[in-house]
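One structure is given here, and the rest of the page talks about it.
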Amino acid sequence: MPEHLNARVEACYRQAEDFFQRTFPRPTVSFRLRGQKAGVAHLDENLLRFNPQLYRENREHFLEQTVAHEVAHLIAHQLFGPRIRPHGEEWQLIMRGIYGLPPDRCHTYAVKRRTATRYLYRCHCPEHNDFPFSAQRHNLVAKGRRYYCRRCKATLVFSGEVTRD
C-alpha cells in the first residue's frame, strides 16, 4: 500500500523541483491518521500523515488529489515561510500551476463513523435517571472516579446495560 503513495509523493516533489529549479527536503510519510481527515501536513516537522482507510476506499483520487494537496502545503511553507495562509494564494498557485489540479480545500470521501459504545449509568431520580457514558468515562469510573446526579446528588451507578450507536 505505501509504495504507490510514496511514489506519488516523490513525483510531486520532482514536479515542484523542475518548476522551481531547486531541491526540497523529502518529508517523512506516515499512515497514522484516523477520523475524517484524509491527510495532514506538519510543516515544522516536514511530515505528511495520511489516513489509510480513506486511501484504500478512494485510491485513485487520493493519489491524484490528496497527496498533491498535502505536498503543496510543505512546498509552499518551504518557499514562502510560515506566515502564509494554509489554503492561501501561494498554495493555490502550486496546486494549479505545478500539479494542474483544482485547489480544493476539503475532500468529499464518504467517512464511516465508528459505532460508539455507551454504558448506561443511573441515579434515583424518577424522571432523569439514564446517563450514557462513553468507554473513556466508564473506564475512569472503574479506576475510582465518581460522577453525581445534579438533581438528587446521588452517585451514578452502572446499570450493566451497554448500547451501541
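First residue shown is number 1, and so on along the chain.
Even glycines carry a Cβ here, placed using N, Cα and C.
Taken from Swiss-Prot, the feature domain 'SprT-like' covers 10-157. Look at Swiss-Prot and you will find HIS69, HIS73 tagged as Zn(2+) binding site. Positions annotated as active site by Swiss-Prot, on the basis of sequence analysis: GLU70.
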_Residue, out of the binding-site residues HIS69, HIS73, whose Cβ gathers the largest set of other Cβ atoms within 10 Å_ = HIS69
*So, by DSSP, how many helix, strand and coil residues make up the domain 'SprT-like' (10-157)?*
57 helix, 24 strand, 67 coil
_For a quick check of packing: other C-beta atoms within 10 Å of the C-beta of the residue listed as 'active site', how many?_
23
